[in-house]
Amino acid sequence: DNEAGRYKESYSKLRNWVHSSLDLYKTELLRILYPVFVHCYMELVAKGFAQEAREFFQSFRDDHQPQHIRDLQKLEGVITPQHLQENETACTLQENKVHVKMCQYSFELLLQYLQSTESMLMLGIVNSHINLKAVLPGQPAALVDDDESSSLPAKVQAVVEATNQKEIHWGILEGSLEDKFEKQIAAELEKADADKDAETDEAKKRAADGKVKRVKRDKAGKGLKAEPAARSVPRLKPELTMPLLTDDFERQALDDLRNRVKLGSTALPSVSCYTFVNTNNSLNCASISADGAYLAGGFSDSAIKLWDMVKMGEPSMYSDAGKQSLNKRPTSIRHYIRLVGHAGPVYGVDFSPEGDSLLSASGDCTIRLWSTRLNANLACYKGHNYPVWDVQYSPVGHYFASASYDRTARVWSMDRLQPLRIMAGHLSDVDCVQWHVNCNYIATGSSDKTVRLWDVQTGECVRIFTGHRSMIVSIAMSPDGLFMASGDEDGAIMMWDLASSRCVTPLLGHTGCVWSLAFSGEGSILASGSADNTVRLWDVNGSSKVTADKTRRLRLLKTLPTKSTPIYTLRFSRRNLLFVAGAFSPSKGH
């Protein structure tokens, strides 16, 4: 007689039972509440109980709001059976079973509850719409992977699992600057060892009895310096033809690597923060060159502004400040160059490794190449059909990748106006793109809440990373090529093992959108910049270690707050100085 009321009563009892369970099992049991909740709601709508469905939805939506806010917003407008057939989210939920992972013991507890309380309504929903996967015998694992708790439709899960079985090759690029630097160091150590052995042999021949102990001590001390400290990372040959670097740039880069500061939990980086003021909320993006010499900003009025940081302290090129009288101010204090060419807002800018060129992505569906020396537009690349959100140079330059609203990412070379590869597969627009350090892969983040890894040579998707609750807006690759970090709109950061496609650890702490991520030169620190006006430094080495209780713990090393400046971009220089840029956004009343 009270069919509509039975849904609310049965779900409320199940919810209370889950929340009163032991903490050991509660984490796994909580996973079934959201799919049961939405299917109860949709069944009420399908049976014509619109008012009861609305009351049920409002009664329990707060439980699921933090993790599923966007899906709930889409389902909130479903109030008639016809809406169920037209709403994309509702159709996906009805057509696909949801995978929920839990240990054998949690599964038996749930089954025992449903049978003992004769909750046939809940049991029917679980059987019809949830695929319970008992993956572990006995007790629940101490480590709960965040990506496992995000319930995926069965069809999508099958595609993800099949894709993540593909063979891929990791390692850093053979012949890259890091590779050449390590070979130089190895050669110098080998030469030092040879000289040391020669000196020791000569000293032994001449040494008197009283000097033998001193020679042994010297030998032991020198031997410690020769021990290699870094782990060996495989070298891979590039699949793309690599451009040649100029001798001056290579010499300078190797000198920077030699003088790079070693960072860690006890040695945090120095930070240089560039703040844009008086932008009137028109700044969309920013980029800093690798040596910090240039700063570029992309604006809503289709212009790009380029600052030469070396000239910032000098008199403006537009004024003759030295000839001004004491009573007159300089006619202009502008130190930037305005680059005009786009016909729409500029959403992405990126400097080449050498800093001599700049790429920009725009709402006019084009990508433009600019010279920082000539301050002129060199080329315009057309191929995307919709606005381009992001553009990134490869680690060696010459090649670049773009991400667009048309749900594709594309790989280009500077000497061709048409793309070399088109990566299609995301279910929504591609918001950010990042190259792997060996240039053989690119990673893309999308509004479909997934990160995909693509083979540059074949254009094939080789990895799909699931677990984020909102659109991905930033990606960073570790220098050794083994890990990737991704940041989303809700402020969550996930560290991924690229080989296994599993989340090593979620990094939680930001309260706003994570717009930028960057690894330090040796990969020991991850820096994140957010809309919550902070830069956070994370201990990468600590977060990838397993503690005594078999759980991976994140260690937040430091939070660097700004007064009122959301962080748009950040990057480490080759010497491990951290550059940060953002637009000053005063709160109301200031």
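Cβ coordinates are placed from backbone N, Cα and C, and glycine is handled just like the others.
Any TrEMBL annotation is an automated prediction that lacks curation.
These features come from TrEMBL:
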{"type": "DOMAIN", "residues": "3-130", "note": "domain 'TFIID subunit TAF5 NTD2'"}
{"type": "REGION", "residues": "192-230", "note": "region 'Disordered'"}
{"type": "COMPBIAS", "residues": "192-225", "note": "compositional bias 'Basic and acidic residues'"}
{"type": "REPEAT", "residues": "276-309", "note": "repeat 'WD'"}
{"type": "REPEAT", "residues": "339-373", "note": "repeat 'WD'"}
{"type": "REPEAT", "residues": "381-422", "note": "repeat 'WD'"}
{"type": "REPEAT", "residues": "423-464", "note": "repeat 'WD'"}
{"type": "REPEAT", "residues": "465-506", "note": "repeat 'WD'"}
{"type": "REPEAT", "residues": "507-548", "note": "repeat 'WD'"}
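Under the criterion of 3 or more C-beta pairs below 8 Å, with sequence separation of 6 or more, the repeat 'WD' (381-422) and the repeat 'WD' (339-373) qualify as touching.
Residues of the repeat 'WD' (339-373) grouped by DSSP class, helix first, strand second and coil last, total 0 helix, 20 strand, 15 coil.
Within the chain, the repeat 'WD' (339-373) has long-range Cβ neighbours (under 8 A, six or more residues past its boundaries) at 245-246, 249, 284-291, 293-294, 296-306, 379-382, 384-393, 395-397, 400, 402-404, 412, 414. In terms of DSSP secondary structure, the repeat 'WD' (507-548) contains 4 helix, 20 strand, 18 coil. Residue counts of the repeat 'WD' (465-506) by helix, strand and coil are 0 helix, 24 strand, 18 coil (DSSP-based).
Residues in the repeat 'WD' (276-309) partition by DSSP class (helix H, G, I; strand E, B; coil) as 1 helix, 19 strand, 14 coil. Secondary structure of the domain 'TFIID subunit TAF5 NTD2' (3-130) per DSSP (helix as H, G, I; strand as E, B; remaining residues coil): 104 helix, 7 strand, 17 coil.
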